[in-house]
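Q: According to TrEMBL, the feature region 'Disordered' maps to 1-72, 612-697. The feature compositional bias 'Basic residues' is assigned by TrEMBL to 1-10, 47-66. Taken from TrEMBL, the feature compositional bias 'Basic and acidic residues' applies to 11-21, 29-46. If you look up TrEMBL, you'll see 103-432 marked as domain 'Calpain catalytic'. Annotation source TrEMBL lists active site at Cys165, His353, Asn373. For 613-634, 681-695, the entry in TrEMBL reads compositional bias 'Acidic residues'.
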Amino acid sequence: MPPKRAKRPARKQETKQERTGRPGGPKVQGDKPPESLGAEPRERTRSRSRLRRGDRKDKKKGKKEKKQPQVGLFVTKELAQAIETTKSTVERIARECRAKNRRFRDPEFDLEYDQWRCLHGYSQQTDVVGKDVQRVTEIFDHPEFFLPGGAAQSTAIRQGGLGDCYFLSALATVSSLPGLIEKICVARDEQVGIYGFIFYQDRGWVGVIVDDMLYTKIPKYESLDQAQKEVYHEDKERFNEIARKGGQVLIYAKAGTSHETWVPIIEKAYAKLYGCYAHIGSGGQTREAIEDLTGGVASNLNARDILDVDQFWKEELSRVNKDRLFACALDSPDAPADAPWADPTVQGLIGGHAYAVLRAAEVNGKRFVVLRNPWGQSEWTGPWSDGSKEWTAEWLKLLPQLKHSFGDDGQFVMEYKDFLRYFTDIDRVLLFNDTWTVASCWLNVPIAPIPAAPAYGMLSFHVNIPAESKNKTKVIFVLSQLNNRSFESIEKDVRITFEFSVVKVGELGPIATGSCDRPFSRSGSVELDLEAGDYMVYVKLDQIRNVDPNSDYSDWNIPYKSYPNIVNPSARVISRILTNKVKALSLTQNWDTVGETDYVVKSLEDIIKQDLEDMNASDSEEETDEDDDDDDDSGSSVAGEASKPASEAGEAKPSTEGAGDGEEKKPEDGVTVGEVTIPVPDDDSDSEEEEEEVSPVEWVDLIEDKGDEAALGLRVYTQTKDPALVVGRIKSADETWEL
C-alpha cells in the first residue's frame, strides 16, 4: 500500500498524528490555524484565447517583437462558455437582489439555514464546526476581495481548521503566476455579496456561485456564560466590536491582511463544487487541486527516482511559473518508541503536509528553491533557513534575487540538494496555452471477478493524431479515473490501478508505457513527440479488495477454518499466486485447462498481433452482415469527444448541464447521448422490443456499489489546430478473461 499523509490536528490539542490517506500516494491535510505566508509577485501573464503580448517596435533594432502564447488556464470552448454563463448569472442575480433590496443568500449552499448539508457528507464529517455564521460586511469594516491594486498575493493565504492544506498550497502555487487567480474569479458584486468562480472538472470548465456568508468561531453574545460576559463588562456592543471583527474570527481559511476576503470565499466555492466542507477537508493531492484551478495535467514523482538531478533542475524545476507549477511533501516520520504520542518534524518540516514551490533560482553559483507552508509559520530550520549561519553579510545582499525576506511567515529557502534530500514527493502540473487542443473518451469498464489476474485486452483506445506538418507534434496521453471527491463517501469497496502502453499501429512493440503515479492514484500520463498517424493505447487493469468471506463485497469463499494462518486476504496476492501455479502446471503436456484459464493471461505482444490481424482482415474484406455480428460479439467501440481552443470555437454560448467536454460526433444510424451511441430502431422493428422498458437503477445499488465496473477516460492533448480522434473499445468478458 502507498504511504499516507496524515491529518494534522491543531497543535494545541497535542494529539497523536493519525494516519489516513487517499489512494495514490501521501495524502496531505492540515488543521493548524496558520498566521501568514510570504511571496512576491512575478511578471504579469495572460491566458485567454488569442490574448498575447502586443506587438512592440524595438526602438534599437526596428523589429517587431515575436508574439508568444501565454500559459495559464487551459483555453477551450468550454472555458469561454463557463465564463460567459457565470458572468451573466452573477449579473442577473445582482440585478434581482437590488430590485428586491436584498443581499444574495445562496439557496444551494446556505451555511446558516442548511448547515448540516454544507458541512458534512454521507459518511464524512467536518471535525471543526463554527459557532456562528456572519457576512463579510459584518466581519470586516472595510472588506476588500483583493489588496489595493486588484492582485491576489500568496501572502494572504492562511490555513484554518479545515484539513485542506493541499488546496491552499495549490492556491499559493497558482498565485505565483500573477493574474491567474484573478481569472478564476470571473465575476463578483461585493455590495450584493455574490461571487462567481470557474473550476476544471472531468467534463471541462464549470461555474460555481456563492454568497459572502462565512463560518466564524466566536459565538453570539447571548451564548456567553456570565464570566465571559464580565470580561467585556457585560457590554454587547463592546464584545461585537472586539471579539467578532477581523479575519481572526474565521474558523476556516483566512487572508493575511485584516480585511482581504478572496481566500475564504474561494475556499467556500471549492467546498460547494464538491458538495460540502467535509469533502474538501479530508485531505488530498496538491497536484489534483492545481488541476482543478488551471486545467493543467498533473504528475508526481519520488525525489529518489530522479536519475539526473542536474537535468531535472534545468529542464523541470527551473521552469517553475513559466509553463509548469510545482508542489511537494514529505512522508510522516514514525513517532519514537519512547514517545508514541509525539508528532515529530524533520528539521522543522511537517510530514504529511503540502508545501508550495514558489521559485527556483541560481544565485552566485548555488541553486535555491523558495517554498511556503500554508500554515503561515513553522519553517525549515536547516541550512539556509531564516537567520542561519549560511547567511553571511555577502549572501544577505543577494536576498532580493530570491525575493525573500526573513520572518516567521511560512516562506523559507532551501538549497536544491537539501530540497531533494528531504522532500519525498514532488508534484508537477504542466500548464497550457491556446496552441493546445484536447480530445477525450470515457468508458464504464467491467472489472474482472476476483481473483482474476491483471491483464491487457479488456480496454483499449484507438487514437488518430492529425497531420498538420512534416514535423512531430507534442502529444500527452492522460489515462484517468473519474474524480470522485464529491461522492467518495459512498465509494465502492474496490480500488483499481492501471498501466498502459502506447503502440503505433503496424508495430509490435510499445513506443512508451505509463502507469498511475502511485498505485491506485487517479491518473497517469505520458508525454511524447509523435508523427501524425494512428496509435493504440492498451490498458492493463489491476484491483484491490478484501476477499474475506465475511465481507459484504466478497466474491469468493475461502475456507478460512482450514487455513488459520492467512495473513493477507488480498485478491491481488491470491490472483498472482494462482497465476504462477497455473503457469508452472502448463509446462506439463497433459495439463487440463478447463476451469483454470481465468489465471492465464495473454501478453501485450499477443494482443497487438491479434489486433493487427483483425485490422488487416478488415481492410482486405468487404463488410458483411456476418462480419458485423462477429464485431458485436467481440466488443464495442465508442467515439470520444474533442475540444478546440476558444479562438477556433466561434462565439461563446452558455453551457448546458450535462454537456461533455467537446463537440459531439453523431453517427448516421444512431443518437449520441454523452459518449454512448444508442441505435435508432428501424420502422419494421419488433413491437415488443419497442415497448420494452429499462428498469431504473435503484439508489441503494448506487450506495452499495459492488465494484464490478470502473469509469476510465483517455484524454489526448496535442499541439495541433484540430484535436485528435479517440475511439474507446471494450472487448467481451469471455474473450478477455477466458483465454
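Residue numbers in this text run from 1 along the chain shown.
Glycine residues also receive a Cβ, built from the backbone N, Cα and C atoms like all the rest.
On this model, are these features tucked inside or out on the surface, and what's nearby?
A: Its own atom aside, the Cβ of Cys165 (active site) has 33 Cβ atoms within 10 angstroms in the protein chains shown.
Using a 10 Å radius centred on the Cβ of His353 (active site) and all shown protein chains, the other Cβ atoms total 26. Mapped onto three states, the DSSP output places His353 (active site) in coil.
DSSP classifies Asn373 (active site) as coil under the three-state reduction.
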Q: Count the other Cβ atoms sitting within 10 Å of the Cβ of Asn373 (active site), across every protein chain shown.
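A: Step by step: centre on the Cβ of Asn373 (active site), count other Cβ atoms within 10 Å, giving 29.
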Q: How many Å separate the Cα atoms of Asn373 (active site) and His353 (active site)?
A: 8
Q: What's the CA-CA gap between His353 (active site) and Cys165 (active site) in angstrom, rounded?
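A: Computed Cα spacing between His353 (active site) and Cys165 (active site) is 7 Å.
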Q: Within the domain 'Calpain catalytic' (103-432) only, compute the mean pLDDT.
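A: The average pLDDT of the model in the domain 'Calpain catalytic' (103-432) works out to 90.
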